[in-house]
Amino acid sequence: MDISASPSIADGPVYTHQTVRLDSGLDLECGVHLAPLEVAYCTYGTLSPARDNAILVCHALTGDQYLAERNPLTGKPGWWSRMVGPGLPIDTDRYFVVCSNVLGGCMGTTGPRSICAETGKAWDSEFPPITMHDIVAAQAKLIDHLGIDRLFAVIGGSMGGMQALTWAADFPDRVFAAMPIATSPFHSAQNIAFNEVSRQAIFADPDWHDGHYRDFGAIPARGLGVARMMAHITYLSEEALSRKFGRRVRHDAATAVPASSSPSLFGEMFEVESYLRHQGSSFVRRFDANSYLTITRAMDYFDLAAEHDGDLANPFRKSQTRFCVVSFSSDWLFPTSQSRLLVRALNRAGANVSFVEIESDRGHDAFLLEEPDFDRTIRGFIAGAAEHAALKAGER
């Protein structure tokens, strides 16, 4: 087992970035034994002597382990730096926070870019199919490695919320509290459809090369960029788009988008067009197309009820976890109706569950943005859970 570590105090809370190599590997649900297993992760704060103050934060589809410090690849602040840190709702002065790159990702955890032990070459598009259960099983191996028997909390938004629910279902004795945010216990037909259009955009790119594009010194940038553009629309709301862009045009269209983007064929470019092109072009510089395909498919497979005789209550009947389910009023990707369905199932299972719908016009991405009511909800739930757990947070 090899570990590389790099502690830092720059641009955020004190953290350590590590990659752990587990030679024992991981048995995937598809039947493939994946070995070795590498998991890249960051930790923030200090684990208490009782090892009872650990919070696992799970990232969304295109997130990574750089939760609260400057991302070394993009140079931008961590994706939840406004939420995680000293004195913030997820307080690193009190809690030991862990965030790992998911299985199938492209930021250090085993995924399509990794070398297949049998062939000596990168997996690329031949990386085996994975599920949300596989993703969580890899995280569980990391938590075992850290010597943590029970997580105080698992928190995640969007696909991160799917992971939080899977933790509570698959490890009912290892999670005291769970906060699934802007998520669902299944991936809807609409969301599967969005993902399929994204995948087809990648497949249609002439640089796709059946997923072995790196052998040709290429990446399917056009297709992956279009996939990101379309996905980004689903993360916003009509109100947010109207407020941010309206029907305004860019009079400097020639310099408004990177040179690699196709020029507008119809005169001046709308600001929303320029914005989407920027999102697409910046995304392809940091994310791998095969990882995008692998992870979106894992999301599509996700359906906790179908795996338990069609009854969503069944996976939680043995769970001792305390839940706080959070939705946002303008989120049409994971609408409040799906959160209510989850809450009703948790009630049937006899779980301790609270539900909060945050009024916001910012759409699905609201959980990543400044929302005072949401901040108070997270802070309050964590404090209440700590009280019920008799957690002596801050005594380290």
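For all residues, glycine too, the Cβ spot is worked out from N, Cα and C.
Quick look at what Swiss-Prot annotates:
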| type | residues | note |
| --- | --- | --- |
| DOMAIN | 53-370 | domain 'AB hydrolase-1' |
| ACT_SITE | Ser158 | active site, nucleophile |
| BINDING | Arg228, Asp365 | substrate binding site |
| ACT_SITE | Asp331 | active site |
| ACT_SITE | His364 | active site |
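Its own atom aside, the Cβ of Asp365 (substrate binding site) has 21 Cβ atoms within 10 angstroms in the protein chains shown. Comparing local CB density within 10 A for the recorded positions Arg228, His364, the maximum falls on His364. The Cβ of Ser158 (active site, nucleophile) lies under 8 Å from the Cβ of Ala60, Leu61, Ile181, Ala182, Thr183, Leu333, Phe334, His364, Phe367, each of which sits 6+ residues away along the same chain. The number of other Cβ atoms within 10 Å of the Cβ belonging to Asp331 (active site), over all protein chains shown, comes to 27. Asp365 (substrate binding site) sits 8 Å from Asp331 (active site), counting Cα to Cα.
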